[in-house]
Amino acid sequence: MADKQALESKEFDPTEFQHTRYNPLKGEWVLVSPHRMKRPWKGQVEKNSEDEIPRWDEKNPLCPRATRASGNVNPDYSSTFVFENDFPALLQGDSPPPGQSSHHLLQCKPAKGTCRVMCFHPWSDVTLPLMSIPEIVSVIQEWIRQFNELSKTYRWVQIFENKGAVMGCSNPHPHCQIWSSSFLPNEPAQEEARQKEYMANHGIPMLLEYVRLESLQKVRNVVESVHWLVVVPYWAVWPYEVLLLPKRHVLRLTDLTDAEQQSLAEIMKQLLTKYDNLFETSFPYSMGWHGAPTGEEDTECSHWQLHAHYYPPLLRSASVKKFMVGYEMLAQAQRDLTAEQAAEKL
């Protein structure tokens, strides 16, 4: 009884006690266990690969003037360069439609699309945080051009970057991928449903209200400018996960003004430099843009707010990463470091 009374009289400290947090974008909960940060680590340690990368290599298929697996030779490009992926996951060509399913549990639908690779820079030994602001603006402008073209045909255009071998990136040359699909993938479909429901219930886009809330509270902010906010979301799963959000209501990349594009380049450089400085390494991550659907889905989308997700795996150092296994795969997401602690470290 005495122990129970002592516990009830103790004030809840989110940096000390386990608790769950709700992710309104996905309708899911994450378990936060800050006390686990004190445990010793005897698990896998990643090799910190900081080998010198040659600026140009004729055998690197992403370099200017290099020959790719398809036999095509890259131009001697000096800025960004986009080409059709030589090994695409989605194809544009006609294919036979799936036959009638033999059971309602065995559903299959046709899938069409296109996959492109976009090089950020002609040099292999630079990354986005090492590029100049004008060079990053060129990347953003090419994202917008690609999105504008592909969104006329496809329901979803996914721009994403995998950086670092630990994230499965097979080539260190600075690049991203652009996959466009005839269908709305799972992650944006979840966000579509949750944002639409929130708008109906509250009369304001969820992430527009969220960016205003975080701008006022300032406890999870990483970088803030006139046009943009970088925040470790309250419901973050990955240790140093962030959301990059415009401060005004923006549906898609194509809606950004010139001033917002310039400001985006500046805040991206600031964020990615902070990432690199955290563990003094070229920080690995997967990132991608989410905005209002397009193509056939380009109807009433005012519930959407443009945003970018950054998911870095590193947890304690340049060589210790977060694993999504066991409980995370079979029950729900779990993290040790609180979002507030992560923001403070960044």
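Glycine too: its Cβ is placed from the backbone N, Cα and C atoms.
Per TrEMBL, domain 'Galactose-1-phosphate uridyl transferase N-terminal' is recorded for 12-185. The feature UDP-alpha-D-glucose binding site is assigned by TrEMBL to 36-39, Ala69, 85-86, Asn162, 168-170, Gln177, 322-323, 327-328, Gln334. Annotation source TrEMBL lists active site, tele-UMP-histidine intermediate at His175. For Glu191, His290, His307, His309, the entry in TrEMBL reads Fe cation binding site. What TrEMBL records for 193-346 is domain 'Galactose-1-phosphate uridyl transferase C-terminal'.
This view paints the features noted in TrEMBL onto the structure.
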residue: Arg36; record: UDP-alpha-D-glucose binding site; DSSP class: helix
residue: Asp86; record: UDP-alpha-D-glucose binding site; DSSP class: coil
residue: Cys169; record: UDP-alpha-D-glucose binding site; DSSP class: coil
residue: His175; record: active site, tele-UMP-histidine intermediate; DSSP class: strand
residue: Glu191; record: Fe cation binding site; DSSP class: helix
residue: His290; record: Fe cation binding site; DSSP class: strand
residue: His307; record: Fe cation binding site; DSSP class: strand
residue: Lys322; record: UDP-alpha-D-glucose binding site; DSSP class: coil
residue: Glu328; record: UDP-alpha-D-glucose binding site; DSSP class: helix
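There are 16 other CB atoms within 10 A of the CB of Cys169 (UDP-alpha-D-glucose binding site), with all protein chains counted. For His290 (Fe cation binding site), the nearest of the recorded positions Cys169, His175, Lys322 in terms of C-alpha separation is His175. Note on the domain 'Galactose-1-phosphate uridyl transferase C-terminal' (193-346): its mean pLDDT in the predicted model is 95.
Just so you know, the Cβ of Lys322 (UDP-alpha-D-glucose binding site) picks up 21 other Cβ atoms within 10 Å once every protein chain is counted.
Among the binding-site residues Asp86, Glu191, the residue whose Cβ has the fewest other Cβ atoms within 10 Å is Asp86. Taking Cβ-Cβ distances under 8 Å and a sequence separation of 6 or more, the neighbours of the residue listed as 'active site, tele-UMP-histidine intermediate' in its chain are Leu62, Val117, Met118, Cys119, Phe120, Glu161. Across the fold, the C-alpha of His309 (Fe cation binding site) and the C-alpha of Lys322 (UDP-alpha-D-glucose binding site) stand 17 Å from each other.
Note: the Fe cation site is recorded as Glu191, His290, His307, His309; in the same chain, Leu25, Glu187, Pro188, Leu207, Leu243, Gly288, Trp289, Gly291, Ala308 also have Cβ atoms within 8 Å of that site's Cβ centroid. Here the binding-site residues are Arg36, His309, and the one with the most other Cβ atoms within 10 Å of its Cβ is His309.
By the criterion of other Cβ atoms within 10 Å of the residue's own Cβ, the least surrounded of the binding-site residues His290, His307, Glu328 is Glu328.
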